[in-house]
Amino acid sequence: MQRIALDGTPKHTSISMKYEQFPIPIRSERDLHNKCCGGMVWCIKDICGVICAILTWLLILYAEFVVMAVMLIPNPHPMYRFFNMALFQTFAFLAFASHLRAMLTDPGAVPKGNATTEIIQQMGFREGQVIFKCPKCCCIKPERAHHCSVCQRCIRKMDHHCPWVNNCVGENNQKYFVLFTFYIATISIHSLFLAVNQFLMCVRNEWRECSSYSPPATVVFLVFLVFEALLFAIFTTVMLLSQLQAIWNDETGIEQLKKEEAKWARKSRWKSIQAVFGRFSLAWFSPFTQPPSRSKFESYLYPV
């Protein structure tokens with residue numbers, strides 16, 4: 001990271017930036033890096049991330065198959081069957097939707113190549129002020145932004161790059177990632193409960209009419225589901241708790257790892273939660289509502 005002053009001289013100490021007024025409008029070409037469908041959708045072309053994302057979908061589909069076809073549809077008790085079907089399908093749909101939103105949402109990428117003398121001069125900074133420039137993507141680097149080597153971009157409030165969603169977790173999509181871990185943990189725990197209950201029922205009935213499949217096939221399906229559900233319940237619960245702790249303390253995963261001294265004004269815990277999820281409502285749990293918008297000046301300075 002470079003520190004540069006408006007007069008072109010090198011600087012070795014940082015000076016906090018203050019903005020006197022909104023800058024003159026800057027017209028630049030649309031940034032299409034890491035985007036597809038004509039720039040409409042954010043997507044990272046990383047083969048490892050694509051494989052991990054597809055594997056995530058396949059694991060959800062496997063859980064769908066075992067829960068529905070092996071356990072619930074053949075179950076002779078209507079209330080038990082319909083209640084658990086509705087519950088599992090709701091949380092599975094929300095998990096899948098949260099995963100797509102986390103994967104296809106720009107996490108807060110700073111436009112590449114905007115650290116030119118012309119743009120800096122038009123931004124209204126005062127003479128001698130220091131700004132931060134990323135030498136890898138030649139951008140004006142905001143406070144708390146970090147460069148991701150996979151996305152090849154600087155990401156505002158970057159927490160980490162997650163291959164399971166094939167994207168960085170940053171300012172714009174942290175809500176969706178938290179919801180993804182929450183709903184995956186929920187359906188994993190629900191699957192464990194259903195699998196254990198199904199196994200006990202099969203043993204109690206001596207494997208008669210407990211499944212549409214043969215006893216050996218049923219055992220194999222249940223064992224693999226229990227293994228998958230247990231693994232993902234532990235993994236996603238740990239991730240969920242670490243994300244909530246980071247939000248609660250107004251500190252990203254990278255800042256915690258590097259033990260960076262807080263040079264930014266820390267928000268209160270409630271304000272920090274609201275910065276990610278918005279004002280408290282049922283929309284907190286919906287992957288179809290947008291996170292709180294940034295200030296008008298920040299949106300202008302670092303547009304999506």
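From the backbone N, Cα and C atoms, a Cβ is placed for every residue, glycine too.
Owing to the predicted nature of the structure, the values given are computational and were not obtained by experimental measurement.
Taken from TrEMBL as is:
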type: TRANSMEM; residues: 50-73; note: transmembrane segment
type: TRANSMEM; residues: 79-97; note: transmembrane segment
type: DOMAIN; residues: 134-259; note: domain 'Palmitoyltransferase DHHC'
type: TRANSMEM; residues: 176-199; note: transmembrane segment
type: TRANSMEM; residues: 219-241; note: transmembrane segment
List, by number or range, the same-chain residues at least 6 past the transmembrane segment (219-241) whose CB is under 8 A from its CB atoms?
59, 62-63, 66-67, 70, 178, 181-182, 184-185, 188-189, 191-192, 195-196, 198-199, 213
Where DSSP helix means H, G or I and strand means E or B, what are the helix, strand and coil counts for the domain 'Palmitoyltransferase DHHC' (134-259)?
71 helix, 17 strand, 38 coil
Given the model, what does the mean pLDDT over the domain 'Palmitoyltransferase DHHC' (134-259) come out as?
92
